[in-house]
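What follows is a single structure, written as structure tokens, with notes after it.
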Amino acid sequence: MKIGVLALQGAFREHINMLRTLGAEAVEVRKAEELAELSGLIIPGGESTTITKLLYTFGLAKPVKDLARNGMPVWGTCAGMICLAKELSGDISGVKTLELMDITVRRNAFGRQVDSFEAMLKVKALEGGDFPAVFIRAPLVEKTGQWVEVLAKLPDGTMVAVRENNLLATSFHPELSADNRFHRYFVQMAKDYKP
């Protein structure tokens, strides 16, 4: 089983390292042919305008969409969540998403870099207590479609982790925590995938 991490820009190395600590074969993905034989794909945090532009420039958008629509697990963290969203609100200039997940997302919802924070989250899908979530210029989910499951909210009710079938999205950066439970959860999604 091989899990790819989109390596065009952003925090891809941290995801690779976390996956490898779990014994998963993790590979960097920069070209469409590198999507072959994957059991899952992570779209990391970074700069959403840059990542979405490069997805289309390098011819990755269509094959990623096709694989996701055929059931391959795809997880977007922070900017990756923005990439997966069907709709964006607020300043969306320069961002063309993959329009895969039935969510409306607001970019940079918590402010600038200096407004970054950590929070302990109760996550439905994870056992073992609260999860330490790192938010850096994070988006938030404003609205979900009928089939989207909300996995975690901040104490004020803000949705920050969601799943729709084979699609997973988090506003925060699990790869920047020492806690590997979210990655373990995604590895299990990848193991369950039957192409």
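Quick reminder: no glycine exception, Cβ is built from N, Cα and C everywhere.
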Recorded L-glutamine site member, picked from ARG20, ARG107, ARG163, that accompanies GLY46, GLU47, SER48, ILE136, ARG137 in Swiss-Prot: ARG107
Among CYS78, ILE136, which are recorded positions, the residue with the most C-beta atoms within 10 angstroms of its C-beta: CYS78
Sparsest Cβ surroundings (other CB atoms within 10 Å) among the recorded positions GLU47, GLU175: GLU47
Entries of SER48, ILE136, GLU175 which, being recorded positions, have CA atoms within 10 angstroms of CYS78 (active site, nucleophile): SER48, ILE136
Residues within 8 Å of the GLY46, GLU47, SER48, ARG107, ILE136, ARG137 Cβ centre (excluding the L-glutamine site residues themselves): GLY10, GLY45, CYS78, ALA79, ILE82, ASN108, ALA138, PRO139
